[in-house]
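Q: Okay, so TrEMBL annotates it like this:
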- Asp31, Glu209: Mg(2+) binding site (BINDING)
- Asp31: active site (ACT_SITE)
- 32-36, Arg44, His48, 76-78, Trp80, Arg82, Arg190, 196-198: substrate binding site (BINDING)
- Asn79: active site, proton acceptor (ACT_SITE)
Amino acid sequence: MGSASTSSARAVFGMSQVASTYPRHVAIIMDGNGRWAKKRRLPRALGHKAGGDAVKRVVEACEVLGIECLTLYAFSSENWKREAEEISDLMNLMRRFIEANIADFIAKGLRLRIIGDYKAFDPDIVERLEDALERTAGGKRTLVVALNYGAQQEIVRAAALAAAEGEVTASAIEKHLYTADLPPLDLLIRTSGEVRLSNFLLWQSAYAEMLFTDVLWPDFGQAELRAACEEFATRERRYGGR
Ligand code: IPE
Ligand code: IPE
Ligand code: MG
């Protein structure tokens, strides 16, 4: 058995069904909404809507499984290449998602964080997001949403900030990543059978365990997340040692 994380936070959750070898920080590339809809001859927008329902389920599953930090890739800096109609569907979904879930997040003690250049979104979305950030600031567990996010841009930005301070080292760069104050990434999951990172958390993945599943994102739920955590618990993390 490897040194998969043990966490004092685990004691806070105090749940017998939570194994101490479960990851503290899980990130998910939520892929396959379009194919899920296509399989059902539904419009892509309904695939994204079903994807939103999966987000809700997985956020709840994290509470049950004692996962301290969940990072979700919701919109990449390359997703602007999609048709205007799909982008607008995604933006409307985001508006509704914030509205429908924020009270629940506050009640659950879930702190929202955003990584990526979300200020490029429409002003009303920026306002809703910032309101949600403020209202959830006291939460103990963290939901990180990657919005207009690209890992290469994140690294360039961090390196430039480090250079401005006169020190371009790995630790100086790390200090300026969006994720600087979050637990290290333990497990990265991608749904829908694609085996690539698509510009997500490139730096943070250096020693993350990875899991690729054929399940389409709208079909992903507590059972799949638990299975992923069980798989993680069997991994031996060596970090270059032996
Ligand atoms: C992921 O589903 C959601 C976003 C990228 C916003 P996709 O829309 O990429 O679904 P597929 O890959 O076409 O099935
Ligand atoms: C990655 O999925 C981005 C998100 C899940 C938000 P994509 O569907 O955009 O990735 P590619 O285009 O297949 O690499
Ligand atoms: Mg996709």
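The backbone N, Cα and C atoms fix where each Cβ goes, glycine too.
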Q: Within a 10 Å radius of its Cβ, which of these binding-site residues (Gly32, Gly34) has the fewest neighbouring Cβ atoms?
A: Gly34
Q: Near Leu197 (substrate binding site), which residues of its chain come within a Cβ-Cβ distance under 8 Å, counting only those 6 or more away in sequence?
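A: Long-range Cβ contacts: Ile29, Ala151, Leu188, Arg190, Ser205.
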Q: Cα distance, the residue listed as 'active site, proton acceptor' to Gly34 (substrate binding site), nearest Å?
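A: That separation, Cα to Cα, works out to 13 Å.
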Q: To the nearest whole angstrom, what is the C-alpha distance linking Gly32 (substrate binding site) and the residue listed as 'active site, proton acceptor'?
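A: Checking the Cα atoms of Gly32 (substrate binding site) and the residue listed as 'active site, proton acceptor' gives a distance of 14 Å.
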Q: At the level of the C-alpha atoms, what whole-angstrom distance separates His48 (substrate binding site) and Asp31 (Mg(2+) binding site)?
A: 10
Q: Looking at the recorded positions listed here (Ser77, Asn79, Trp80), whose Cα lies nearest to that of Asp31 (Mg(2+) binding site)?
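A: The smallest Cα gap between Asp31 (Mg(2+) binding site) and any of the recorded positions is with Asn79.
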Q: Far apart in sequence but close in space: which same-chain residues, 6 or more away, have a Cβ under 8 Å from Glu209 (Mg(2+) binding site)?
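A: The list for Glu209 (Mg(2+) binding site) reads Pro23, Asp186, Leu187, Leu188, Phe232, Arg235, Arg237, given in order along the sequence.
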Q: For Trp36 (substrate binding site), which residues of its chain lie six or more apart in sequence with Cβ-Cβ distance below 8 Å?
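A: Correct list: Gly47, Ala50, Gly51, Leu216, Trp217, Pro218, Asp219.
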